[in-house]
Amino acid sequence: MSQLDVLIVDDEESIRNLIAANLKDEGFNPKVAANSTQALKILSEKPVSAVVLDIWLQGSEIDGLGILEIIKKRYPLMPVIIISGHGTIETAVNAIKMGAYDYIEKPFNNDKLVILLTRACEVTKLKRENIDLKSKVIDKTELVGECSVTLKYKMAIAKAATSSCRIMIHGKVGSGKELAARLIHKQSKRVNNPFIIFSPTCMTTEKINQELFGELEKQANNKRPTILEFANNGTLYIDEVSNIPIPIQVKLLKFLKDQTITKPCGKNIKIDIKIITGTSKNIQDEVNNGKFLEDLYYRLNVSSLKVPSLYERKEDIPLLVKYFVKQLSKFSGLKERSFADETIAALQSYEWPGNIRQLRNVVEWTLIMNPLTTGNNEIIKPYMIPSEILANSANLTKLEDSFDMLSMPLREAREVFERQYLSAQMSRFNNNISKTSSFVGMERSALHRKLKLLSLHIPPTNRINDEEYEEANA
């Protein structure tokens, strides 16, 4: 347990130096701070293994409980041992509820503190190992997919992560805007600092104001840190930024100009954060309609990132389904199942208005509603997925219900089948001629001729080169 960094925060110099000397003799590497400013500066430079924190700090802007709250927000696993010379049972209980590892009263036996620190660091080490083990199976910042659209998107995220400018992420509901923000933070220089998510949706104007700036008159003496303070030195992601009311937009614009917030006590605090915003709306339309400040839009949209919809990433659906099945099996106790090729085809033919989130919900619903009847891995067939998916899967599943073809002559029935089959496959591969022809086993020019014969339209952007197209349609 040697050379573990321990931060000692106490306003009395003699006490903090005594604790530091004792801990150094026991093999720890102590650091000392007299107030919240010094303590938070040390933590921002390099997180420590544990903190010994006095509750009553004279001359400190934030008291011990306030520092504890900040630490548990920024560094959830960091153990904090509270010390106090004149505390109460109520204070001790509050500290434990807020996440303190333990509470001891001054004067205390040095051996007791060493035992507590050693135990706290061991427990934290086990927690970290457990989290690392889980992350090997499921990574919350893993972008699953290998199609060309996804690869380009991954490159755009990597490029955005190297920039220090503000980024606005545009994407439909459920497409993964928060994931994009997490990936940008994970690949940036701020990776070891806080990543804070703020969603103003369903909040009142007063609540948004309190969370961001902490300026409620009724709470003028409240020293609770704001969201901006929690995110200091890290990344703040504001989800659905267009839901912020105009009065708060004005304050946010002022903050972006000078990167400073004014506390109720009148003190100005400099904040260093990377701001990423997300929106499913057309912000330019919101500006034109007077619902969003134009200047704020330009300051937040310095760099723009578009999240592709699942409809644009249909080729990733097989990988996504496997990923969600494994995730649900690991953390929800559902049995792993394989999805039949025809089931995957049905999923690929659906338009997915709810994007990735909807696909995950469909996979979970399917596993729950179709429990294993044997100990074997029963294949998920098309009839097992939600009926609305089948009903809207671009006629793919209608092939199974075409009993009326039995009353047709062979040539007519074959034409009906080919039209339905090729229409479904074209939809499945986003009207991509090369991929569709490869899957169905036809030359591209032959597929073009067949589609023209069946009166199936091909978008110009998905045609082969003009020479080959003209030859196929000659």
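Placement of Cβ uses the backbone N, Cα and C atoms for every residue, glycine included.
Features of the protein shown, as given by Swiss-Prot:
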{"type": "DOMAIN", "residues": "5-121", "note": "domain 'Response regulatory'"}
{"type": "MOD_RES", "residues": "Asp54", "note": "4-aspartylphosphate"}
{"type": "DOMAIN", "residues": "143-368", "note": "domain 'Sigma-54 factor interaction'"}
{"type": "BINDING", "residues": "171-178, 231-240", "note": "ATP binding site"}
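All features noted in Swiss-Prot, drawn onto the structure.
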residue : record              : CB count, 10 Å
Asp54   : 4-aspartylphosphate : 25
Gly171  : ATP binding site    : 21
Gly174  : ATP binding site    : 20
Lys177  : ATP binding site    : 24
Asn232  : ATP binding site    : 21
Thr235  : ATP binding site    : 23
Ile238  : ATP binding site    : 24
Report the DSSP secondary-structure composition of the domain 'Response regulatory' (5-121) as helix, strand and coil residue counts. 55 helix, 24 strand, 38 coil
Counting distance between Cα atoms, which of the binding-site residues Gly171, Gly174, Thr235 is nearest Asp54 (4-aspartylphosphate)? Thr235
In three-state DSSP terms, Gly174 (ATP binding site) is classed as coil
If H, G and I count as helix, E and B as strand, and all else as coil, what does DSSP give for Thr235 (ATP binding site)? strand
Per-region confidence, the domain 'Response regulatory' (5-121) (mean pLDDT, whole number): 89
